[in-house]
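These features come from TrEMBL:
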- A:45-331: domain 'Gcp-like' (DOMAIN)
- A:His130, A:His134, A:Tyr151, A:Asp325: divalent metal cation binding site (BINDING)
- A:Tyr151, A:Val152, A:Ser153, A:Gly154, A:Gly155, A:Asp183, A:Gly198, A:Glu202, A:Asn297: substrate binding site (BINDING)
Amino acid sequence: MPGRVKKRSPLKAPERPYIAIGLEGSANKLGVGIIKHSPDGSVDVLSNVRHTYITPPGEGFLPRDTAQHHREWALTIINDAVSKAGVSLHDVDCICFTKGPGMGAPLVSVALVARTLSLLYNKPLVGVNHCVGHIEMGREITGAQNPVVLYVSGGNTQVIAYSQQCYRIFGETLDIAVGNCLDRFARVINLSNDPSPGYNIEQEAKKGKRLLPLPYTTKGMDISLSGILTSTEAYTTDKRFRPNGPSAEDGEDIITPQDLCFSLQEHVFAMLVEITERAMAHIGSKEVLIVGGVGCNERLQEMMGVMASERGGKVFATDERYCIDNGIMIAQAGLLSYRMGYETPLAKSTCTQRFRTDQVHVAWRA
Amino acid sequence: MTISLLKKVPSSTMQIPFANEKHATIAKQVIDVDRELQPEVVKRTLTVQGNILVATFTTLTVRLARLTANAFLENVDLVVRTIGEFGEDAERVPSSR
């Protein structure tokens with residue numbers, strides 16, 4: 001196969017230890033992580049601290065309130081990460097922050113802190129694409145070589161493959177993200193947002209008994225999710241729907257919130273597996289890497305595992321520490337580009353709500 | 001057109017004292033990076049005079065002046081708290097690694 005020619009990595013082994021701090025706050029999680037790259041090629045996570053803004057059941061997180069949360073917690077979390085890592089901010093080589101994509105106000109809040117630290121300590125800034133952060137951390141943790149990446153979170157749903165210093169998007173959602181779909185349904189049935197709505201959906205889905213018919217909307221390499229959400233919501237006004245479980249006089253033909261969670265998950269995940277499999281066939285890869293907040297859903301990992309094993313491949317996934325938004329992934333991706341000589345000058349350290357994965361020049365890969 | 005409108009509303013000025021000129025300059029540099037969200041109706045000028053950060057806003061309406069000032073002060077608050085938390089540590093001479 002043409003892709004088999006092993007190219008030399010443009011990333012040279014570091015001549016000294018490099019340390020980077022990463023600040024992430026593109027959605028409702030505020031994360032700070034410190035990473036170290038050693039001359040022997042090893043990568044150490046020195047600390048990885050996160051604080052999540054949790055809203056009451058039935059409510060989502062709004063940009064203003066989320067930004068307020070990040071402003072309140074930023075200094076505490078940074079101090080926590082620094083003391084856990086046992087380093088001083090004087091020791092870090094660069095300060096990495098999320099440039100985008102994400103919600104504007106929370107992004108800007110974190111960027112302000114990053115800029116202030118950069119000027120105070122006279123350290124260079126490195127702006128990082130959030131999606132690339134996820135991919136790089138997933139690759140580092142799992143050791144996957146050249147995987148098809150399924151990036152599924154509250155704001156993004158993309159199938160990505162690497163080619164010629166670019167993470168190319170093979171397929172993505174045409175409307176809402178898969179995490180958004182699940183979170184919004186959790187709101188409809190009033191599930192708790194603690195620790196996350198997606199986690200609670202997953203637990204409820206385990207108790208589901210019926211697979212209800214829902215639309216199955218893959219569109220070539222892309223998927224559409226908003227219609228499925230509407231259809232699932234429509235079941236909650238069905239005469240057979242019992243929000244508090246079946247009562248004594250109910251027969252077999254009833255619908256519980258658990259059944260809906262189960263059906264929604266099965267349909268949505270089946271679609272994701274389908275487009276991922278198609279991308280694998282396209283590029284001839286046998287590895288799948290699942291990253292992003294929805295990636296810690298064990299049912300998704302299980303379904304993907306079945307597909308991958310049928311193709312003689314393997315699934316790589318990480319746990320909630322690295323799947324869910326975190327600061328360490330920003331530090332990892334930022335340090336990789338910093339080692340390739342990339343820095344973000346202060347005047348260019350703005351944030352952008354739209355920043356696609358394929359806009360990044362992946363200089364550190366062959 | 002908008003510029004002629006802007007000139008009709010008197011501008012408002014805020015003076016924020018810092019501990020020293022360096023910190024005031026840092027605050028100016030940090031906040032200056034982000035453009036105003038509506039640059040056609042809000043004009044912001046930041047300058048440093050000694051240890052004082054001087055912000056001048058020229059806005060189309062009084063409502064915009066309030067919103068802009070609010071957002072600006074929130075940003076200043078965050079920067080001030082960051083400097084307060086890490087300023088001293090940053091001044092310290094780093095020990096060799």
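Each residue, glycine too, has its Cβ placed from N, Cα and C.
No curator has checked TrEMBL annotations; they are predicted automatically.
Overlay of TrEMBL feature records on the structure.
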residue  : record                             : Cβ neighbours (10 Å)
A:His130 : divalent metal cation binding site : 26
A:His134 : divalent metal cation binding site : 34
A:Tyr151 : divalent metal cation binding site : 28
A:Ser153 : substrate binding site             : 25
A:Gly155 : substrate binding site             : 20
A:Gly198 : substrate binding site             : 27
A:Asn297 : substrate binding site             : 24
A:Asp325 : divalent metal cation binding site : 27
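Across the structure, A:Gly155 (substrate binding site) and A:His134 (divalent metal cation binding site) are spaced 13 Å apart at their Cα atoms. When Cα-Cα distances from A:Gly198 (substrate binding site) are compared across the binding-site residues A:His130, A:His134, A:Asp325, the shortest belongs to A:Asp325. For the domain 'Gcp-like' (A:45-331), the model gives a mean pLDDT of 95. Residue pair A:His134 (divalent metal cation binding site) / A:Ser153 (substrate binding site) shows a Cα separation of 10 Å. According to its DSSP assignment, A:His134 (divalent metal cation binding site) is helical. Straight-line distance linking the Cα atoms of A:Ser153 (substrate binding site) and A:His130 (divalent metal cation binding site), rounded to a whole number, equals 11 Å.
Across the structure, A:Asn297 (substrate binding site) and A:Tyr151 (divalent metal cation binding site) place their CA atoms 13 angstrom apart.
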